[in-house]
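In what follows, a single structure is set out as structure tokens and then discussed.
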Amino acid sequence: SALARGFPCDMERRTRFRHLQRDRRFPQRCVVVCVLMAIMCCNWSWREAGVPVAHLLPWRRAKAKVAAQSGEEKVEDKQRDSSARAGSEVALVGARLVELQELSGRSHSVRVFVPVSTDIISWWRDTDAADLQLTANVTTSLTGSLQVYATVVAGAGARLNFEGMDFDGFLTVLDLPEGCGPEQCRVGITRVHADIGSFSGSTNALVLICDWKGHRRILSIHDFIVQCALRFLLTLPMVPGMLLLFPTVVGVQAPRSVTIISLFLVLLSFGCLSLACSVSEAAMAVCACLSTILLVKVQRRLCAVWRRRHRLWRFKLLVRCAAVVEGVVYGGQDTCSICFDEFVDEQRNQQIVLLPCRHSIHSECYMDWLASRRYPSHLLLCPLCRRRATSIGKL
């Protein structure tokens, strides 16, 4: 019969085949659902690209609108106050400013302006920045472009002498760059070193900082943490590679430790993506590709290492519990089926018998085969008949 010749019967062959197919099977139960979710999320993410994180939530959008309305009311009050003051007691002179420096980044633009007139720049140099009062209003020109009307007024003791006349300050107009809204712009005063015409030295300057539309300005560490948390929740269903990776992480036949490590790596990659979203879209794409490749490689490596260690641990446990085999042993008088060396009586203690197929091989050769990467299963198999070894005996 088949058992007498050392080969498994048909029922055992079918059982072994099912075990091997279960080990090699890729869990595809959720792949279709994940692909559909990835397509919908990618479409939604592309449609919402460039929108600030606060605008993606309804209550944050309403809160931002209320804040913008209150800010517009304050600006109108300041305009009325400044116009009333200018009409009654403030004398201003129109000044033309020249752009000294411009720094354009991915999220904002910084422009530094200084006056062209020598009288104004000398007065501004000698005046303390604490005594200067800056007022800026955003209006729309006749051509439809946005402009900033900035007014710089000094105290009563610092009068501006321009062409024989005394003024309290000056008024200038700055053009906003394209792609910036009025709520994303700030105007301030800073100290710079300028070399304009006959003037060279340190003086005050106007700084115009504009955030590009689609980027939210981070004001504090708390806002940064909130932004990263929101982007973490928003990018969780947006990455197709991560969605396709979830079935392999959840459905893979691996121990709990490997699954926990894989899930931790997935969450860590989502954190990196959240941080990359606040830096650059290109950084997010690069981080997504690298994290997906890294997760696949690490998971395969962890599963391979765990299976190899489990096989070696199982083999050593069976060797410690090995019993003496009596009767017919197949291959006992021939060569080892792995190294093809003949069995020697002096090395009889290194020879093992795989049960129940009763094939004899070298113990070290079998351990090397179990530790190889091309081992076909996580179970202990016989190298001759591919039958599962449930126990090990010695001669």
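Every residue gets a Cβ built from N, Cα and C, even glycine.
Curation plays no part in TrEMBL annotations; they are all automatic predictions.
According to TrEMBL:
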{"type": "DOMAIN", "residues": "336-386", "note": "domain 'RING-type'"}
{"type": "TRANSMEM", "residues": "224-246", "note": "transmembrane segment"}
{"type": "TRANSMEM", "residues": "258-276", "note": "transmembrane segment"}
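In the domain 'RING-type' (336-386), helix, strand and coil residues by DSSP number 15 helix, 11 strand, 25 coil. Model confidence over the domain 'RING-type' (336-386) is summarised by a mean pLDDT of 81.
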